[in-house]
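What TrEMBL says about this protein:
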- C356: active site, nucleophile (ACT_SITE)
- C231, A232, A233, P234, G235, N236, K237, D255, D282, D302: S-adenosyl-L-methionine binding site (BINDING)
- 124-377: domain 'SAM-dependent MTase RsmB/NOP-type' (DOMAIN)
Amino acid sequence: MALYVKAAEILQKAEMKQGALKTLVYDSKFPSIKQLFALVCETQKFSSILQEIIESTKLLKHTKLKMTLAKVLVYDLLIGQGLKCGGTWKAKMMKHRPRLQAELARMKVRRKVSRNEDLLPASAQQTPGDQLPRYVRVNTLKTSVEDAVDYLKRDGFSYLGQALKLDNLTLKNKDFVMDLHLPELLVFSPKTEFHDHFLYKAGHIILQDKASCLPAYLLDPPPGSHIIDACAAPGNKTSHLAAIMKNRGRLFAFDLDGKRLATMSTLLLRAGVTCHQLANQDFLKVDTNGPQYKDVEYILLDPSCSGSGMVCLRDDSAAHPEEEKARLASLASFQLKCLNHSLRFPRLKRLVYSTCSIHSQENEEVIAACLQQNPNF
């Protein structure tokens, strides 16, 4: 049962946009990583289908399961290799198996398909995430790009130099290149695995997508700066900021989620970050005139958002239009409050606002509203 409990926990974190699926799985330290990763990936892929089956059969009401745990159990029961647990939960699931199977069969009839895979939206069948390059940021607090490249070449990788155009990012096998824009970013073929690699375990490289590297790169705080990372966990951007400022200065990092902050503390320790000061605190309640923040000139604001731009977390199942509209309005309101609050720091010189969203309501519209309310910026 431990497999399903851990899979449900990771699935819930992924659905709450608390991290990339693969990173969450490998950071879990579960004994059978491959088995866990396969179960979580497949369950997430079929998530909307499983939820429809669970809701139609009222499984949660009958079993008192939580949705994410129900999803992983129903996936293995109906679509996977069969339940790999015994005891009470297996007995309960086997009791409801005929109803669950019947609902899956009805769903196929309604949609005029014969295979489980054909129930998935086209985007899930194409698995776009498998086609994206694997990005790796060299942690310059612990090594140099040159030394990392040399180590990787000795480890059997083939370095092709700096990419000059997008076509250079279509890589195969163990080929890799330096990114077009960010010199500390190395690019590998999509399925290159680094979670067990020495450089990753030693904190010499950070597994971080290019989009996630852009905010700190654009903020570009010089060494000795005082910086605020307003919504910091899980910490990749924070470690990037520390590298850019060469661990010199003060880096204040806030996050409301205590567990995520604890995970972040471990990540920063592994990355060799020493200039940080973590606070389990609501950024909106931080005193902008507090003496410790009097020299803050740079702020990175990456607030909670819909995550609609993250391929690995996207759910293309049809959300209820009114619910989605209300959710986006609530997020945009929070984002605007954070942005307005950031602009109150007296010596602020530069602020980078970033989201993982493709909705203008969370991006351009938030910026426009903020500038209207703060005409001095």
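Using N, Cα and C of the backbone, Cβ positions are placed for all residues, glycine too.
Values in this document were obtained by computation on a predicted structure and should not be read as measured data.
Here the features listed in TrEMBL are painted onto the structure.
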residue : record                               : CB count, 10 Å
C231    : S-adenosyl-L-methionine binding site : 20
A233    : S-adenosyl-L-methionine binding site : 26
G235    : S-adenosyl-L-methionine binding site : 25
K237    : S-adenosyl-L-methionine binding site : 25
D282    : S-adenosyl-L-methionine binding site : 10
C356    : active site, nucleophile             : 18
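Rounded to a whole number, the distance between the Cα atoms of the residue listed as 'active site, nucleophile' and D282 (S-adenosyl-L-methionine binding site) is 20 Å.
Residue pair C231 (S-adenosyl-L-methionine binding site) / the residue listed as 'active site, nucleophile' shows a Cα separation of 13 Å. Within the model, the domain 'SAM-dependent MTase RsmB/NOP-type' (124-377) carries an average pLDDT of 91. When the record's S-adenosyl-L-methionine-binding residues C231, A232, A233, P234, G235, N236, K237, D255, D282, D302 are compared pairwise by CA position, the greatest distance found is 19 Å. In this structure, the CA atom of A233 (S-adenosyl-L-methionine binding site) is 14 Å away from the CA atom of C356 (active site, nucleophile).
A straight line from the CA of C356 (active site, nucleophile) to the CA of K237 (S-adenosyl-L-methionine binding site) spans 13 Å.
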